[in-house]
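Questions regarding the structure given below will be posed in turn.
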Amino acid sequence: MKKKREKLVLKSEIIAQMPKVELHCHLDGSLSLSVIKELAKNAGIHMTMSDEEILEKAQAPENTKNLLEYLQRFDFVLPLLQTYKNLELAAYDVVRQAANDNIKYIEIRFAPSQHLLENLTLEEAVEAVIAGLSRAENDFDIRANALVCGLKQEPIQKLQKLLPLFDKIPDEHLVGFDMAGDELNYPQEKFVDLIHDIKIKGVNVTLHAGECPACEKNILDSIAMGASRIGHGIMTKNLSEAEQKMMIEKQIVLEMAPTSNFQTKAVTELAQYPFKELYDKGIHVTLNTDNRMVSATNLSKEYEKISAWYPDFSLSDFEKINHYAIDGAFIGQEEKEELHQRFTKEYKKISE
């Protein structure tokens with residue numbers, strides 16, 4: 001019976017049925033085609049491009065040359081995300097897509113500083129996103145929260161302006177802080193004081209780290225600074241056994257995103273990709289989309305990739321990584337327990 005179940009997990013219809021948690025999803029990289037067109041219309045931008053031409057600008061090629069080519073895709077959508085109305089709609093759209101993918105809990109991250117070209121304040125940008133999340137929660141069977149993201153290449157004075165948001169917006173949907181960007185030229189150690197000030201406020205922290213070759217020190221620095229989760233963390237594979245053991249003991253969660261990790265050239269071949277190796281060691285790995293539109297993916301497709309790459313990765317393994325994600329989610333213990341119970345029940349039903 002067990003073998004039969006493990007073969008079932010390879011089928012896309014079984015994967016579609018699985019309840020899922022997603023911790024690492026960027027708002028601006030995850031808009032649907034229909035909503036990109038609606039956002040353009042709202043912004044008074046007359047798009048003469050065909051759907052194929054829009055996708056060519058919004059999606060990175062499967063074989064992206066480098067990280068820069070991948071990041072250029074964000075330049076296309078950012079001008080559309082400069083008003084309260086459009087940010088609210090964008091947030092709603094991403095949660096709607098997630099709900100259709102049977103995601104029951106999602107955290108969506110975005111950099112408020114990227115959305116101020118039409119005179120929104122940082123506070124208004126965050127409130128717009130939260131409004132979209134709340135509206136989607138009312139319409140779909142999903143819980144959604146927001147993370148504020150700082151960009152490492154921005155001046156520290158600008159990044160410090162994000163801190164008061166956690167005092168001004170006491171909304172339960174604003175649950176954490178992240179930093180993304182060029183970790184090679186802006187290593188984690190440059191932001192020790194900033195993260196210290198965030199942690200003093202009692203804010204949950206996840207940090208992008210360990211995406212580039214020889215960037216594993218950023219992972220250790222992130223943990224030392226108080227991050228309970230690491231965005232991507234591919235170079236965890238290069239850490240010593242003692243360092244990896246420390247991550248297991250601290251229950252540090254890795255937010256991995258297979259499609260994106262290959263497109264950004266964090267790895268270039270499957271043998272280098274450490275998802276299964278780290279999972280087998282007991283490290284708390286999770287699966288995420290990173291950017292639904294830019295990577296032309298959804299969470300079910302990421303699960304299908306893992307099933308294809310590691311045929312022995314069973315239904316119970318997928319259940320386990322979702323429990324890891326629940327444990328790492330920036331929510332209260334009571335809500336975590338509810339999700340744990342629900343997922344245990346639903347995965348049991350799928351396996352029968």
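Quick reminder: no glycine exception, Cβ is built from N, Cα and C everywhere.
Note that this is a predicted model, so its numbers are computed, not measured.
What Swiss-Prot records for this protein is below:
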| type | residues | note |
| --- | --- | --- |
| ACT_SITE | GLU211 | active site, proton donor |
| BINDING | HIS24, HIS26, HIS208, ASP290 | Zn(2+) binding site |
| BINDING | HIS26, ASP28, GLY181 | substrate binding site |
| SITE | HIS232 | site 'Important for catalytic activity' |
Given the recorded positions HIS208, GLU211, HIS232, ASP290, find the one whose Cα is closest in space to the Cα of ASP28 (substrate binding site).
ASP290
An 8 Å radius from the center of the HIS24, HIS26, HIS208, ASP290 Cβ atoms defines the neighbourhood of the Zn(2+) site; name the other residues of that chain inside it, in order.
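Along the chain, the qualifying residues are CYS25, GLY29, ARG109, ASP178, ALA180, GLY231, HIS232, GLU255, ALA257, SER260, ASN288, ASN291.
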Identify all same-chain residues not among HIS26, ASP28, GLY181 whose C-beta atom falls within 8 angstroms of the centroid of the substrate site's C-beta atoms; report them in sequence order.
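The answer, listed by sequence position, is LEU27, GLY29, PHE74, ARG109, PHE110, ALA111, GLN114, CYS149, LEU151, ALA180, ASN291.
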Closest of the recorded positions to GLU211 (active site, proton donor), Cα to Cα, picking from HIS26, GLY181, HIS232?
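Nearest by Cα distance to GLU211 (active site, proton donor): HIS232.
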Near GLY181 (substrate binding site), meaning Cα within 10 Å, which of HIS24, HIS26, HIS208 (binding-site residues)?
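Passing the 10 Å Cα cut: HIS208.
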For HIS24 (Zn(2+) binding site), which residues of its chain lie six or more apart in sequence with Cβ-Cβ distance below 8 Å?
GLU107, ARG109, THR206, GLY231, HIS232, GLU255, ALA257, THR286, ASN288, THR289, ASP290
According to DSSP, which kind of secondary structure is ASP28 (substrate binding site) found in, if we only use helix, strand and coil?
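In the DSSP reduction, ASP28 (substrate binding site) maps to helix.
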